[in-house]
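One structure is given below, encoded as structure tokens.
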Amino acid sequence: MARTTKDPKTPEKLFGNISLDLQAAWLEFCGTFVFLLFALGLGGVQAANYQTALEASQNGQGGGSVSAPPTIIQLLYYSAAFGLSLLFSVWLFYRVTGGIFNPNVTTALLLTGAIGPVRWALCCAAQMVGAIAASAVLLALLPGPISFNTLPGPGVSKAQATFIEMFVTAALVLSVLMLAVEKHRTTPFAPVGIGLTLFACELFALSFTGGSLNTARSFGPAVVSGFDASHWVYWVGPFLGSLLAVALYSILKHVKYWHINPAQDSIDYNNSPSGPVDTVRGMTSQNKGHHNVKSSQRGGSNTSSVDQEDYPTGTGPNGYERTDRPTGEAAV
């Protein structure tokens, strides 16, 4: 998800990496297909709804379609299916394309400069086609009509559904930006955090909007089964969520968030708090020596005192380049 290092003297061409962009788009198609195949069908929404739909069909209730709100068990099942499916599918493709599988996340990556406009366009198209392909395969593979379209829940207006989709999509996109796009010690494990974020968002949104958070996830099933009048909600809401997440991310970058809690990513035990005894001594004693002065500084802010010299030469907390390097000190 990060930009490749380029020679600043070489002007960037729009189609300079078209071969890599096409490969990324093809792999995004594959990843989106795998993600939605398991999230929507095999072990996902369709599997959970099958027995309920069958009973409804036998009772003459709408030919097997399910319109009632999900039960608590179904809610947990749906959410786990989406979260776990995203976790494993992202991890499969994480090293290759970043494992995006969502045009709204792809848009956020474009706006933050993580990818270029050509890759954005190709990946968005690939994700949409992947969603259609997964939905078509499930329609042909599984018995009964598909029951994984996204619709506003009973009593939920289109405006309410739009804003719900906006907020939950913003949470998902922000998790991608902070866990995967920002580089830190836990970046290799970003798929776990992103999958758990989707699980939590689905728990909230499923009953009210169907829990899309992904325009491709709603577009694919709609193509193979028909569009509802509320389908626009799943374009507008997630898009606004992407913009909201990018705005929050931009604010965090602008204020240099890594200075707020600089030792959070450190594994040096010297950056741990000195302990309650030393903290009390530091607060109640004056001029007790250098050790107590350092303890007082740590206790006064209730956070660890970070010395830039604790970090490797040329770097600061979280791997960012130091800005206080003494004159003549070489960067690594």
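Using N, Cα and C of the backbone, Cβ positions are placed for all residues, glycine too.
Automatic prediction, not curation, is the source of TrEMBL annotations.
Listed by sequence, the residues of this chain that lie at least six past the ends of the transmembrane segment (24-45) yet keep a Cβ under 8 A from its Cβ atoms are 78, 81-82, 85-86, 89-90, 92-93, 96-97, 99-101, 119, 122-123, 125-127, 129-131, 133-135, 137-138, 141-142, 147-148, 216-217, 220-221. Residues or ranges marked as transmembrane segment by TrEMBL: 24-45 (among others).
Residues or ranges marked as transmembrane segment by TrEMBL: 75-94 (among others).
Feature annotation from TrEMBL assigns transmembrane segment to 129-148 (among others).
Residues or ranges marked as transmembrane segment by TrEMBL: 160-180 (among others). Residues 1, 94, 98, 102, 104-105, 108, 112, 152-153, 186-187, 190, 193-194, 197-198, 200-201, 204-205, 208-209, 211-214, 230, 233-234, 236-238, 240-242, 244-246, 248-249, 252 of the same chain sit 6 or more residues outside the transmembrane segment (160-180) yet have a Cβ under 8 Å from a Cβ within it.
What TrEMBL lists as transmembrane segment is 192-212 (among others). Sequence-remote contacts of a segment are chain residues at least 6 beyond its ends whose Cβ falls under 8 Å from one of its Cβ atoms, and for the transmembrane segment (192-212) they are 69-70, 75-76, 78-80, 82-84, 86-88, 90, 149-153, 156, 160-161, 164-165, 168-169, 171-172, 175-176, 179-180, 186, 218, 233-234, 237-238.
Residues or ranges marked as transmembrane segment by TrEMBL: 232-252 (among others).
Residues or ranges marked as region 'Disordered' in TrEMBL: 269-332.
Taken from TrEMBL, the feature compositional bias 'Polar residues' applies to 294-306.
What TrEMBL records for 321-332 is compositional bias 'Basic and acidic residues'.
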Revision key, fill the gap. In the same chain, residues at least 6 away from the ends of the transmembrane segment (75-94) whose Cβ sits under 8 Å of its Cβ atoms read 27-28, 30-31, 34-36, 38-39, 43-45, 47-48, 101, 180, 190-192, 194-196, 198-200, 202-203, 206-207, 211
